[in-house]
Amino acid sequence: GGGAGAAMADGEGLVSVDYEVHGKVQGVFFRKYTQGEAKRLGLVGWVQNTTHGTVQGQIQGPTARVRELQEWLKKIGSPQSRISRAEFSNEKKIQALEHKEFQILK
């Protein structure tokens with residue numbers, strides 16, 4: 001940590017990043033907890049289960065907040081989940097949010 005103030009200007013930009021979380025992440029309320037955490041951080045995007053047993057989605061918001069959710073997806077997740085790894089891709093700077101809220105998709 002440390003030096004948070006100096007990076008403030010950089011942290012104000014908006015980013016979009018896709019994610020996929022591997023492990024025991026289905027049937028453990030992972031999507032519901034992810035949505036709750038995203039809303040707490042003020043992020044938008046979506047989350048859904050895949051047919052191959054992972055959870056995937058997209059996060060958009062201020063860079064610093066997106067980083068917080070990425071850490072949460074890598075290390076914490078829902079109480080009963082067992083995360084083996086989280087992969088992030090297609091990260092890019094965006095001018096405006098492309099979602100109105102953080103949704104759970106079927």
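A Cβ is built for glycine as well, from the same backbone N, Cα and C atoms used for every other residue.
For 16-106, the entry in TrEMBL reads domain 'Acylphosphatase-like'. Residues or ranges marked as active site in TrEMBL: R31, N49.
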Just checking, which of R31, N49 (active-site residues) has the fewest C-beta atoms within 10 Å of its C-beta?
N49
Between the Cα atoms of R31 (active site) and N49 (active site), what distance do you get, rounded to the nearest Å?
8
Summarise the domain 'Acylphosphatase-like' (16-106) by DSSP state, stating how many residues are helix, strand and coil.
25 helix, 39 strand, 27 coil
